[in-house]
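Enquirer: Features from TrEMBL:
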- 1-199: domain 'Major facilitator superfamily (MFS) profile' (DOMAIN)
- 12-33: transmembrane segment (TRANSMEM)
- 45-69: transmembrane segment (TRANSMEM)
- 76-95: transmembrane segment (TRANSMEM)
- 101-120: transmembrane segment (TRANSMEM)
- 141-164: transmembrane segment (TRANSMEM)
- 170-192: transmembrane segment (TRANSMEM)
- 222-249: transmembrane segment (TRANSMEM)
- 261-282: transmembrane segment (TRANSMEM)
- 291-310: transmembrane segment (TRANSMEM)
- 316-344: transmembrane segment (TRANSMEM)
- 356-375: transmembrane segment (TRANSMEM)
- 387-404: transmembrane segment (TRANSMEM)
Amino acid sequence: MDHRKTCYGRDFTLVVVGQIISLFGNAILRFALPLYLLKETGSSALFGTVTACALLPMILLSLLGGVLADRVNKRNIMVGLDFLTAFIITVFYFLVGTVPVILLFIVTLMLLYGISGTYQPAVQASIPALVPKDRILSAGAIVNQIGFLANFTGPIIGGMLYGFWGIGSILRVSILCFILSATMEIFIVIPFCKQPEEKKILCVVREDMRESIRFLRKKKPVFIRICFVIAGLNLFLSSMITIGIPVIIVERLSMADQLLGVTQGLLAVGGMIGGLFTVLFAKKLRPGKAWLFLLLCVFSACVMGVGMLLAEQFRFLKYLILSGTGLLVMVFSTMFSIQMLAVVQTQTPARLTGKVIACIMAFIMCAQPVGQLLYGLLFEEISREMPFIMIGTGVVSFFIALYARNILKELEGDEDHE
């Protein structure tokens, strides 16, 4: 039986439910661990440095994740990595307070991000195997919405747990989430044809990545140019949001930890709205027009910076502007990202889907550690110029969006010929 002909069947539903549980556990960790580090050290530069270091294994292992997604049963990847994550958090739970906090956080976050880099290509590559081609865009949007739903509830519930019972409660809940998710994923059936393995894994990885790069260079060079656009946005706009919002709310505005949780929840709501709009207007959205969403992101970032110029007595209004414009950035960037991912999924041969997605994800993520390190230093060294840092980021992102316009028209032309 072709599982894709059943639309959103049992197996896709299990993937979605498993993602809800697993990503919720991830969300409360990603809220609590950086907040704990920032409050313990009070340094935005150190905050940016640790975050940047944590991303490095995610970039490297996302390449391995793509190869595994095409050569190993995707269900086994998801199950194994969820159990592994539960084990790592258990070890972390017993080490908190007994070893140096900075070293412990760097190692743990590097492991968690590395697992995420290996995990996500398997999830994304499973979508074309579980749903019909004409539903890939909607299915991708659903998977993204699940992530944003977890990221909405995670910071809010995580903030409550952190405030009342400390970081230990966060760790216990996340361990339970990963064990439940892994157990549920055991029952997923994903169509899989085992490929013969006659070479060592490193040789396989090298050859598979060469094949992916050859496909991108020879068949889809437009994908490479799109990667440069997204990498540029990650270097500036995404890094500014990731580092700037926690630093501004906790250090500059001196707001309560719960309000940081609310803001991060609102960012997730923005992602959910963007995913919902993508599903509702899937038939009307065209890749050639996607650059307009980038312009809307730029406008929102500039408004965010202007809002920070308000006097200190308008502290709560500044918080509202920061949260509201952050939400808008997430709405528009999500609509852009889902469209780009759907194009890659539909224009890439099935046997290459996982490794090509992993190659693209690794490439565009390379700029993020550099950006987070840069903005960590900027927010610490010239914190009084914070509004102009944000406005300047918007200006740079504006030129990136203009550069993307012609490239996206070419991408739409390629899709029309499929």
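Glycine is treated like the rest: Cβ placed from N, Cα and C.
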Enquirer: Hey, which bits of the same chain come close to the transmembrane segment (261-282), Cβ under 8 Å, at least six residues off its ends?
Expert: 27, 31, 137-138, 141-142, 144-145, 147-156, 158-160, 241, 245, 249, 319, 322-324, 326-335, 338-339
Enquirer: If I count Cβ-Cβ pairs under 8 A between the transmembrane segment (222-249) and each of 101-120, 170-192, 291-310, 316-344, 387-404, which range comes out on top?
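Expert: The stretch I would name here is 387-404.
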Enquirer: Quick test of the contact rule: Cβ under 8 Å, at least six residues beyond the ends. What residues does that give for the transmembrane segment (356-375)?
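Expert: Distant Cβ neighbours of the transmembrane segment (356-375) are 48-49, 51-53, 55-56, 58-60, 62-67, 69, 117, 120-121, 124-125, 209, 212-213, 215-216, 223, 227, 230-232, 234-236, 238-240, 242-244, 341, 344-345, 348, 389.
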Enquirer: Which sequence-distant residues neighbour the transmembrane segment (12-33)? Criterion: at least 6 residues beyond either end, Cβ under 8 Å.
Expert: 78, 82, 85, 89, 105, 108-109, 112, 116, 123, 126-127, 130-131, 139, 142-143, 146-147, 149-151, 153-155, 157-159, 161-162, 167, 170-171, 173-178, 180-182, 184-185, 187-188, 261, 264, 268
